[in-house]
Amino acid sequence: MIKQPISLTTKFTSSFLSKSKHTLFIFQLNFSKKMHSQSSFSARVAPTVQNVPGVSTEEMERVCEQTFQRYNYGGLGKRKGKGVAIVWFRNDLRVLDNEALFRAWVSSEVVLPVYCVDPRLFGATHYFGFPKTGALRAQFIIECLTDLKKNLVKRGLDLLIQHGKPEEIIPSLAKAYKAHTVYAHKETCSEEVNVEKLVTRNLQGNEPRSITTTKLELVWGSTMYHMDDLPFDCESLPDVYTQFRKSVESKSKVRNCIRLPASLGPPPEKVGDWGHVPQVTELGLQQEKVSKGMKFIGGESAALGRVHDYFWKKDLLKVYKETRNGMLGPDYSTKFSPWLASGSLSPRFIYEEVKRYEKERQSNDSTYWVLFELIWRDYFRFLSIKLGNLLFQAGGPQKVNINWSQDQTMFYAWRQGQTGYPLIDANMKELAATGFMSNRGRQIVCSFLVRDMGIDWRMGAEWFETCLLDYDPCSNYGNWTYGAGVGNDPREDRYFSIPKQAQNYDPEGEFVAYWLPELRALPREKRHSPGMMYLNPIVGLKHGYTKKTGDSKTGFSSRRGKPEGNRQKRYGDGRTY
């Protein structure tokens, strides 16, 4: 999300010195240019809104059913449980590879799936009072719930939707249906963990040792590598990602996806009202529609459709590493992150699809790099256990004492895309309009907010919490602490030069012209430096213009960061976009 990824356009290695490998490198660069050209062309002629995935509803349904069939339980065992088990859905809105759902089915005769519309998810962020969940993410979650309900019904169940706090709803249902166990996926951050504790306490009631007390059984299922399979406990997690990655790659194995029977029923007979999937307005939000850019479709069916579309239909996995730093269009990167964040897509399923692709088509740096990014996602999840609430505090894991500004006028200009810097403004307008921003864009706008504007990084992190479809606290705040220079690895402290980023990743100005149409009429070389044709810059850059842009460099006096060009490039960015 915020950390700097390496790109073949900016780093050469000795492995490319041989003639054959040098030829391959030239091919990859040309392919990247071709992809950029195609993106530019599509921005001019494609429909205003591009659905992600870009397949029909019928194709999504077909892919989903075919995938479920591949992962059928297949009579490998018999259901031996008794009584009723509850599945408490949280950020695991899927059927495939859902261990909580599988355990509930195995341990019972009857399964009751439940989702609680917790009003706290639609409250205010901790420090600055932004909406915790914006309208676009709320709509995405609604679509995820609709799809989950449909897929459960197809398998003999349904989804009971209740409005209220889980610590009140879950114990009440457990008592009403005499459930022996509530199964749910384990979370790691304090707000979610506190809810788990309250549910456990209320399930026990006044008789904590009673044999009839309903148990809350928490299952680990949000990462590619299982927590129990790590070569260290989370309290001993390495402070440097590379050490973590090398250790798990050499000493840990990714578990197989959980298989499920074709029928998961029956549900309890006496459920009179299963509830309904809410509308956005029922959640206290105004309806918003994507009218430009990418429209992500929520739900497991869409997630599986996207994997199929990107990996198998368009065959884009083989060039992911070369194209992933793009900024315009749906296909420069995987775009899996919104479904991963909602739990509509299992990281282990992605792993198995990558391995299947490598076996049936080809294995290269790009196929590995998708897994590399998933390991980053794992790392932030495990790191949140080690760091606790340090992840959310101003000084970050390093406990750095910085006098951040909280200037509301400056921050408003940043969040509205009115800073006077086209690359910043275009990215912020894309975020507001779609709920998504490229990995490259996230790094740039973070650096600008904290380095050039000197604004408290938590304001940026909380605004991302409001807007992002793919928001999850571990990756969002983990990446923002890195971007602000207060992360647990002090070597990951970098300043991003806006002119250099524009030159490298939007050289024709197509991205900024798409989101700032007033720049479209300008010559391409002027779109990133439009002068009087655009807004006056709200602040001067602390480090900036390269000779190629025709502007002189300004002095660099950043409080902490050094120019990216003067630092060793490092791997990683913590996302699968």
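Even glycines carry a Cβ here, placed using N, Cα and C.
Straight from TrEMBL, the features:
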type     : residues                          : note
DOMAIN   : 83-224                            : domain 'Photolyase/cryptochrome alpha/beta'
BINDING  : Tyr320, 333-337, 373-380, 470-472 : FAD binding site
SITE     : Trp404                            : site 'Electron transfer via tryptophanyl radical'
SITE     : Trp457                            : site 'Electron transfer via tryptophanyl radical'
SITE     : Trp480                            : site 'Electron transfer via tryptophanyl radical'
REGION   : 545-577                           : region 'Disordered'
COMPBIAS : 561-577                           : compositional bias 'Basic and acidic residues'
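Where TrEMBL records a feature, it is marked here on the structure.
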residue: Tyr320; record: FAD binding site; CB count, 10 Å: 23
residue: Lys335; record: FAD binding site; CB count, 10 Å: 22
residue: Glu373; record: FAD binding site; CB count, 10 Å: 27
residue: Trp376; record: FAD binding site; CB count, 10 Å: 24
residue: Tyr379; record: FAD binding site; CB count, 10 Å: 24
residue: Trp404; record: site 'Electron transfer via tryptophanyl radical'; CB count, 10 Å: 17
residue: Trp457; record: site 'Electron transfer via tryptophanyl radical'; CB count, 10 Å: 23
residue: Tyr471; record: FAD binding site; CB count, 10 Å: 23
residue: Trp480; record: site 'Electron transfer via tryptophanyl radical'; CB count, 10 Å: 28
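Between Trp457 (site 'Electron transfer via tryptophanyl radical') and Glu373 (FAD binding site), the C-alpha separation comes to 23 Å. On a Cα basis, Trp404 (site 'Electron transfer via tryptophanyl radical') lies 28 Å away from Trp376 (FAD binding site).
Here the domain 'Photolyase/cryptochrome alpha/beta' (83-224) has a mean pLDDT of 95 out of 100. Taking only the Cα positions, the spacing between Trp480 (site 'Electron transfer via tryptophanyl radical') and Tyr320 (FAD binding site) is 24 angstrom. When the Cα atoms are compared, Trp404 (site 'Electron transfer via tryptophanyl radical') and Tyr379 (FAD binding site) turn out to be 27 Å apart. Sorting each residue of the domain 'Photolyase/cryptochrome alpha/beta' (83-224) by its DSSP state yields 59 helix, 32 strand, 51 coil.
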